[in-house]
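> Take a look at the following structure, please.
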Amino acid sequence: MTPYQKKILLVVATALAGGGIPVFSKLLLREIGPTEFMTLRFFGAWLLFLPFVIKALPRKISDWLKISLVVMPAAINMILFARGLFFTTATMAALIYSFSPIAAAIMVYFIGQEKLNWRKIIGILIGFIGMLILIIAPLNYQSLADFVGTAKGNGLMLLGMMLMTIFTVASKPLQQKFSPTVITSILFLNCFIVNAIAGGYTIFNPSLLLKLSTTAWLSLGYLIFINSIIFFWLYQITLKQTTAVNVSMTSYITPIITFVWAAILLGERLNSVLVIAGALTLTGAYLTTTAKNHGTK
């Protein structure tokens with residue numbers, strides 16, 4: 001297997017691990033609030049991941065602060081993501097996050113890590129058109145709200161996607177000093193603390209936990225083991241092996257996986273608006289990421 005094939009395999013594996021996040025989150029949100037379920041999710045992930053990383057954790061407070069500063073956008077993204085799911089569909093959430101490679105390409109260009117060429121520019125423009133359709137469609141076609149969500153929900157998802165992209169871009173230089181497991185562990189801890197402070201601490205009430213259905217507990221288990229521990233660990237490993245823009249290509253695959261889960265568990269269906277906007281966004285992301293890093297012509 002060539003190094004390139006290994007990188008592609010990492011990207012696909014990461015996407016598979018993250019594809020069900022919107023769907024299983026949606027199932028859990030039927031029974032508890034967004035900050036409560038995020039608090040449970042990342043407390044469980046941090047607790048289970050801790051034994052594998054405890055000996056490698058930084059000893060200096062300055063290192064903890066440095067990593068925490070980088071992962072904080074991702075922690076805030078979790079709150080926005082969970083709240084946004086109240087007002088949009090799981091499929092729409094995945095499609096909005098598929099804009100991440102385009103946002104990453106723009107960010108790394110402006111901070112001087114990469115240069116843009118015409119292929120990337122065209123990809124950014126196509127993706128931007130797709131994003132406009134995703135966000136504006138609910139305003140003009142309220143009858144399609146059940147399919148494409150609402151402007152409020154999609155707006156929260158868009159802001160969350162930008163914060164997640166900032167986290168991805170900022171994590172790359174951080175890996176020169178810290179391992180993927182260390183960054184992942186501190187990410188879990190920060191996500192837990194932020195969501196707990198935002199009100200999620202109320203979930204640690206035995207009477208509330210006992211009221212959760214079997215479906216909720218199974219969804220939480222999947223979110224902890226697959227969508228948190230495996231996904232974020234693979235995400236950091238893939239980032240270490242590739243670039244911030246390339247690791248974002250996991251979002252090419254996650255909408256497909258998310259739709260499969262959504263169709264099976266939530267009964268969501270595609271419509272023409274979703275297909276057109278999704279195709280444009282994914283096409284733009286593909287063109288942006290596969291472009292060579294030459295200067296702008």
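Numbering starts at 1 and runs along the chain as it is shown here.
Glycine is no exception: its Cβ is also placed from the backbone N, Cα and C atoms.
What TrEMBL says about a protein is an automatic prediction, not a curated fact.
What TrEMBL shows for this protein is this:
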- 7-135: domain 'EamA' (DOMAIN)
- 40-57: transmembrane segment (TRANSMEM)
- 64-86: transmembrane segment (TRANSMEM)
- 92-112: transmembrane segment (TRANSMEM)
- 121-141: transmembrane segment (TRANSMEM)
- 152-289: domain 'EamA' (DOMAIN)
- 153-170: transmembrane segment (TRANSMEM)
- 182-204: transmembrane segment (TRANSMEM)
- 216-235: transmembrane segment (TRANSMEM)
- 247-266: transmembrane segment (TRANSMEM)
- 272-289: transmembrane segment (TRANSMEM)
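What does the local environment look like for each feature on the list?
Under 8 Å from some Cβ of the transmembrane segment (40-57) lie the Cβ atoms of residues 32, 78, 179, 181-182, 184-186, 188-189, 191-192, 195-196, 200, 203, 220, 223-225, 227-229, 232-233, all in the same chain and six or more residues away from its ends.
When pLDDT values are averaged over the domain 'EamA' (152-289), the model yields 85.
Counting same-chain residues at least six beyond the ends of the transmembrane segment (153-170), those with a Cβ under 8 angstroms from any Cβ of the stretch are 70-71, 73-74, 76-78, 80-81, 83-88, 92-93, 96-97, 99-100, 103-104, 107-108, 111, 113, 131, 134-135, 138, 239, 244, 247-248.
Through the fold, the transmembrane segment (182-204) approaches residues 32-33, 35-43, 45-46, 49-50, 53, 56-58, 64, 67-68, 70-72, 74-76, 78-79, 171, 174-175, 228, 232-233, 235-236 of its own chain, all at least 6 residues removed from its boundaries and within a Cβ separation under 8 Å.
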> Please spell out the DSSP helix, strand and coil residue counts for the domain 'EamA' (7-135).
104 helix, 0 strand, 25 coil
